[in-house]
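Undergrad: As annotated in TrEMBL:
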type: COMPBIAS; residues: 33-50; note: compositional bias 'Polar residues'
type: COMPBIAS; residues: 52-65; note: compositional bias 'Basic and acidic residues'
type: COMPBIAS; residues: 76-116; note: compositional bias 'Basic and acidic residues'
type: DOMAIN; residues: 140-312; note: domain 'Amino acid permease/ SLC12A'
type: DOMAIN; residues: 435-712; note: domain 'Amino acid permease/ SLC12A'
type: DOMAIN; residues: 726-844; note: domain 'SLC12A transporter C-terminal'
type: DOMAIN; residues: 857-1080; note: domain 'SLC12A transporter C-terminal'
type: REGION; residues: 1-116; note: region 'Disordered'
type: REGION; residues: 961-989; note: region 'Disordered'
type: TRANSMEM; residues: 173-196; note: transmembrane segment
type: TRANSMEM; residues: 216-246; note: transmembrane segment
type: TRANSMEM; residues: 267-286; note: transmembrane segment
type: TRANSMEM; residues: 292-311; note: transmembrane segment
type: TRANSMEM; residues: 434-453; note: transmembrane segment
type: TRANSMEM; residues: 473-494; note: transmembrane segment
type: TRANSMEM; residues: 573-591; note: transmembrane segment
type: TRANSMEM; residues: 597-619; note: transmembrane segment
type: TRANSMEM; residues: 631-655; note: transmembrane segment
Amino acid sequence: PSCSHRSLAYPFPRPLGLTTATPPPQEEMDTSPMVSSLLSGLANYTNLPQGSREHEEAENNEGGKKKPVQVRALGQKKDEGRRGVEGTKDGETKECPWKEEGRGMKGWGWRKEESGGVGNGEKEWVWGFAAPRMGTFMGVYLPCLQNIFGVILFLRLTWVVGIAGIMEAFCMVFICCSCTMLTAISMSAIATNGVVPAGGSYYMISRSLGPEFGGAVGLCFYLGTTFAGAMYILGTIEILLAYLFPAMAIFKAEDASGEAAAMLNNMRVYGTCVLTCMATVVFVGVKYVNKFALVFLGCVILSILAIYAGVIKSAFDPPNFPICLLGNRTLSRHGFDVCAKLAWEGNETVTTRLWGLFCSSRFLNATCDEYFTRNNVTEIQGIPGAASGLIKENLWSSYLTKGVIVERRGMPSVGLAESTPVDMDHPYVFSDMTSYFTLLVGIYFPSVTGIMAGSNRSGDLRDAQKSIPTGTILAIATTSAVYISSVVLFGACIEGVVLRDKFGEAVNGNLVVGTLAWPSPWVIVIGSFFSTCGAGLQSLTGAPRLLQAISRDGIVPFLQVFGHGKANGEPTWALLLTACICEIGILIASLDEVAPILSMFFLMCYMFVNLACAVQTLLRTPNWRPRFRYYHWTLSFLGMSLCLALMFICSWYYALVAMLIAGLIYKYIEYRGAEKEWGDGIRGLSLSAARYALLRLEEGPPHTKNWRPQLLVLVRVDQDQNVVHPQLLSLTSQLKAGKGLTIVGSVLEGTFLDNHPQAQRAEESIRRLMEAEKVKGFCQVVISSNLRDGVSHLIQSGGLGGLQHNTVLVGWPRNWRQKEDHQTWRNFIELVRETTAGHLALLVTKNVSMFPGNPERFSEGSIDVWWIVHDGGMLMLLPFLLRHHKVWRKCKMRIFTVAQMDDNSIQMKKDLTTFLYHLRITAEVEVVEMHESDISAYTYEKTLVMEQRSQILKQMHLTKNEREREVRFSSPSPGEEPEGEGEADPEKVHLTWTKDKSVAEKNKGPSPSNVRRMHTAVRLNEVIVKKSRDAKLVLLNMPGPPRNRNGDENYMEFLEVLTEHLDRVMLVRGGGREVITIYS
């Protein structure tokens, strides 16, 4: 591309979209960048991971004020203002100087530099030579080799082969290497599905499985890396004190039984000192650690080559490492030099130093150990060589218990009685721990970890999507071949008792694998010492950066302090925490006990890498397009199963502890962590599960036994988009107890284009209130030209598929009598009609402001149910559900029913008690008899005032269209049947409203039917007030509105009279189906 430009000092409005400084001639709704700008923005990132991370941060902070990014030339002074790369002014165009000089564009690019002289973390885009990129070999293959080969290969693999035998050791190595290979295949698929910044496995898992899984597994991976550092430091100290400088030991054992404890104390002291030194080196300068990484890797490779050279040499010229055996028992070479009981000095037979170790004195007549007396001393070669046929003897396992003498199979031995104790002070080679297969797996597995090294360096690779799969899989194949061949070669070349001698006591204290090496054992000792030092430094370098990456993501609030560091970004606080955790592993002091701990954490990390790949593959998300094609979900599932099995094989209690730690971190991030949306696979998995469940729900309505109120809660918001009556949501929480579906809906008047911001604010306000009231559900705000249509739309369209509401909860229109609020009660009655038409239950709360909040508690009282009409059992079910909540738990339930003149009240009570018994509901039952009485003057007058008020309201507030609608609805349509059965019998009480056959004239007094209804409402209200004045809540049937809309005003008045003088009332109208049953 041409280097011509106008000005390179314009701000970048987006990380990936470059726009010109000149504003467009017309303001448009779409502000997306042109394709050329997007591509040039991508090209200007020399570090793609850095760009993707900034792009992600910009998305997270969308809507916030973005700081312009200053662009300057390499070497340009910061105070030159808005200048071009070559120092040109804004708007000037000039050819690139390096183009004129013929240097070309190769190696040049954009990069970020720290602001000069400030040190506050601000960065600028600088044009200059880009950082050199690495290929597959240097960038992935060698780092993986360095991280995989480690202390276990040199210090424990020979012991593992000797204990488990070639066959079981081969199986163990094959299983572990298969686990890492399958994980590498899954990791390659994830790593090539886009850019993976530094953070490696944490980044891949968090972006694939979500912040909860990512944080939990990321912290487990961090703990594994930290304990790996402790293991490498312990390996370093073991090599130092056991093989290099044994005289440096501070704690000396007085007898053989105290050697193990003294060794552990030495490990603790020196381990703490080495940890302090390494942490200081990492703190002072990481660049020195990285510079010496290749040196440490060279030591590892040189040591391995020395082992293979020694194997080849042993085939025709075995090294001389004699082993002394007493009977079939292996002797330690520390206390004697000659492998014999007696020696010839001149013509005289004298005792050796070995004699003095088993006998009371150096004289021939001394009292000696019985086993020493009965058995001969023999000397065999410890390294017979590859051509000796030793492989047959080492095929099978020889598991030992702690304190048992290492014995050679096939050697003649005169044994003692089983009850004869073994003197621990005798120079035998003892087993220091009880061994079994699962223990060996836990100790060996850390030797195959480190496969993430390539993905962690993706930002430094020339072609990460090609290098990571190739380099990682080749590294695992190489190390697996080395491990498998080492198992066979160790078993074929080294004597079994030497293999089972963990610390090389039988071969003069030499490192066992060193005895096989050529040209000298010191090659292995010194090489393994430096390689373990380097691995420890790498762990202390990588673990704090991983913790810093997790902290800066903000998903774990209490870890945010560890995201800070020095001015250059070095994680100081994270390094301090890492050193403290590493010290825990140092204090354990045993390499064999620390290894299973880090095995757990690494296995958990690998398990979730496989899970992430399997989930993404099975979901077939559109963004799942990895360039690495050689993967399959069955391989990922097999790898995940293998990791889980290995966790429990290594140590079931460590596995449970690791899973508990990960589970606690997961729940903590879920409840307290920051909200993050990374397009992870778990969200897609949830969507697939939800779709499956919704399709299942479509198969039919729920059975009566499974019916529960699925609420649509209709709330009003004020001009500031705050909920007017938050007590409605408190009641919802008490009624639902977190179960079933809850939709909180509201309606705003206006148009969608004009009122969309207000709707968003209203949704945010409702969600905050739902969270405060612990209402689990959804929020939906509808914008409509009028409230009536908006409520109708909510009722019709709320829910999805089979997951729909069956009950509507709404507050009573409190100020419906006011002249300026005449439309409110009309909307309310239309709501009642629409719920009836939709076969939905309706709950109307009156005096909702007096309902208790969730923090309140009723220590006594009752919930009174007035069961007048059977509407499916809603009246029975609601108190039962309310009493599950702690607000209503101590309230008892009372059921009242009304007996008419010709009913047998005693029999009704018995029948109702039996019915409640079969329903498994505990409640007091009372039958109320309502005797016929004369219509009082109060009732007559109240009816007259009601009718006169209705006429006045009609004349004052009806618009022309509303008057036409009233005229249209006042005349019954052809074929319309009244809801009731004509005029009510004066001897009976009816609570359903009937259409009047004739309307009383305005000046002829109130209508007789209205007087009867008012009389019924007044009498019933008197009985309810008398019985339930002190009740905490009163539930009663809600009669339906008249089909003729002329009586709407009267309907509201009747309901008002029916519920007068009661504090908390809930009017209940069933949905036309049974919601409670006596059957199981």
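Yeah, the Cβs are placed from backbone N, Cα and C, and that goes for glycine too.
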Undergrad: Among the recorded stretches 173-196, 473-494, 573-591, which has the greatest number of Cβ pairs closer than 8 Å to the transmembrane segment (631-655)?
TA: 173-196
Undergrad: At an 8 Å Cβ cut-off, counting only pairs 6 or more apart in sequence, do the transmembrane segment (473-494) and the transmembrane segment (267-286) clear the bar of 3 or more pairs?
TA: no
Undergrad: How about the transmembrane segment (267-286) with the transmembrane segment (434-453) - do they touch, taking at least 3 C-beta pairs under 8 Å (6 or more apart in sequence) as contact?
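TA: With fewer than 3 qualifying Cβ pairs, these stretches do not touch.
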Undergrad: If you count Cβ pairs under 8 Å, which stretch among 173-196, 216-246, 434-453, 597-619 touches the transmembrane segment (573-591) the most?
TA: 216-246
Undergrad: Test the contact criterion for the transmembrane segment (597-619) and the transmembrane segment (173-196): 3 or more CB pairs under 8 Å, pairs 6 or more apart in sequence, then answer yes or no.
TA: yes
Undergrad: Which of 216-246, 292-311, 434-453 shares the most C-beta pairs under 8 angstroms with the transmembrane segment (173-196)?
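TA: Selected stretch: 434-453, with the most Cβ pairs under 8 Å.
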Undergrad: Who are the chain neighbours of the transmembrane segment (216-246) in space, where the CB to CB distance is under 8 Å and they lie at least 6 residues beyond its ends?
TA: 150-151, 154-155, 199, 201-202, 205-206, 209, 263, 266-267, 270-271, 274-275, 278, 446, 449, 503-504, 509-511, 514, 525, 528-529, 532-533, 535-536, 539-540, 542-543, 546-547, 549-550, 556, 578, 581-586, 588-591, 594-595, 597-598, 600-602, 604-605, 608, 658, 661-663, 665-666, 669
Undergrad: Treating G and I as helix alongside H, and B as strand alongside E, what does DSSP give for the domain 'SLC12A transporter C-terminal' (726-844) in helix, strand and coil?
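TA: Secondary-structure composition of the domain 'SLC12A transporter C-terminal' (726-844): 61 helix, 26 strand, 32 coil.
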